[in-house]
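Visitor: This is the feature table in Swiss-Prot:
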TRANSIT   1-33  transit peptide
REGION    20-52  region 'Disordered'
COMPBIAS  29-46  compositional bias 'Low complexity'
BINDING   133, 138, 144, 379  [4Fe-4S] cluster 1 binding site
DOMAIN    147-368  domain 'Radical SAM core'
BINDING   164, 168, 171  [4Fe-4S] cluster 2 binding site
């Protein structure tokens with residue numbers, strides 16, 4: 001039975017095949033290559049794509065030529081100068097756009113790429129040193145590191161690592177409860193780098209190290225002594241933390257051989273809890289500056305404030321009065337610039353004329369010097385040029401008043 005069924009299937013297949021028209025197999029006679037001339041290539045009709053609402057809308061919209069020529073009648077024309085003058089801009093995806101404040105033109109700086117910048121960076125990496133210029137994303141880095149002479153090539157060395165135990169809302173330095181151990185070779189390496197550069201003035205600062213019993217004060221003092229040993233003519237400014245209010249540690253650093261003791265109050269008293277870490281208070285910072293002056297009356301004391309955080313004129317007047325009450329010699333004002341979106345937002349970009357106003361006000365109150373401007377930072381080189389000259393005049397036995405007059409031109413030149 002199975003054999004009969006198989007025979008019937010064979011007969012059906014044979015008869016069906018015989019009834020179909022016989023065709024000769026097609027032979028491919030042409031080949032197409034990526035470089036074949038279009039005249040010799042086999043022509044093929046592309047498969048049409050499925051139309052979508054997005055495609056229709058895109059095709060019906062303005063072309064590139066419309067954007068270039070400005071022939072879009074549906075949108076008002078904006079002069080390029082007006083476009084750059086816009087103070088705010090909407091950014092983000094549709095439905096979630098946020099209004100962001102544009103950076104005003106007086107705060108824009110060039111990207112650092114000079115040979116001197118690369119040389120300083122290479123030296124720092126080779127000696128495993130850190131700078132606040134890089135860690136805090138200072139906008140002046142191209143200016144301070146870009147020059148070829150000692151006045152223009154200024155670096156602020158950050159001691160005790162690149163990780164802080166505190167987390168201020170304005171600062172971009174890394175934070176941790178337990179940073180890495182101190183590098184015992186750092187004081188020697190720092191002194192070696194500074195003597196190699198031949199700078200007349202150097203700024204040392206540090207992260208806060210609340211994990212250490214002395215807050216790193218002895219490490220700081222040892223670095224100053226090493227620098228003075230290798231480069232005795234170099235003037236040293238130390239921008240320190242508050243050492244958790246331990247005034248004995250403040251005195252230790254103040255008597256280490258430095259020339260300028262700096263500690264920043266950062267902002268006015270009313271805004272301090274919001275701007276700074278909870279362990280840093282306005283009154284504690286004032287006490288640090290007072291203790292430094294008492295420990296070493298010959299040392300120049302210095303502090304700095306950021307503007308644009310929402311402070312009022314009355315609050316700034318109060319802050320300046322508190323600084324003068326403890327005989328602070330130098331004060332600087334600079335614009336707060338948000339380092340990342342995770343940090344505190346800028347309340348306002350203060351116009352340069354207000355920085356001029358606060359410079360005049362500080363001088364009226366009796367400060368020895370005030371550097372004030374949107375891009376001024378606590379280690380700004382114009383202030384350093386002034387302090388450097390004043391200290392050298394002091395060493396030569398010239399009075400402060402005479403020194404101020406003689407270096408006024410140099411200060412103005414450095415500020416430019």
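Every residue gets a Cβ built from N, Cα and C, even glycine.
A quick note: this is a predicted structure, and the numbers were derived from the prediction, not measured.
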Visitor: Using DSSP and three states only, what is residue 164 ([4Fe-4S] cluster 2 binding site)?
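Guide: In three-state terms, residue 164 ([4Fe-4S] cluster 2 binding site) counts as strand.
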Visitor: Around the Cβ of residue 164 ([4Fe-4S] cluster 2 binding site), how many other Cβ atoms lie within 10 Å? Please give the count over every shown protein chain.
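Guide: Residue 164 ([4Fe-4S] cluster 2 binding site) is surrounded by 23 other Cβ atoms within 10 Å.
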Visitor: Counting only residues 6+ away in sequence within the same chain, which have a CB under 8 Å from the CB of residue 168 ([4Fe-4S] cluster 2 binding site)?
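Guide: The list for residue 168 ([4Fe-4S] cluster 2 binding site) reads 266, 275, 276, 277, 280, given in order along the sequence.
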Visitor: DSSP secondary structure for residue 171 ([4Fe-4S] cluster 2 binding site), reduced to helix/strand/coil, please.
Guide: coil
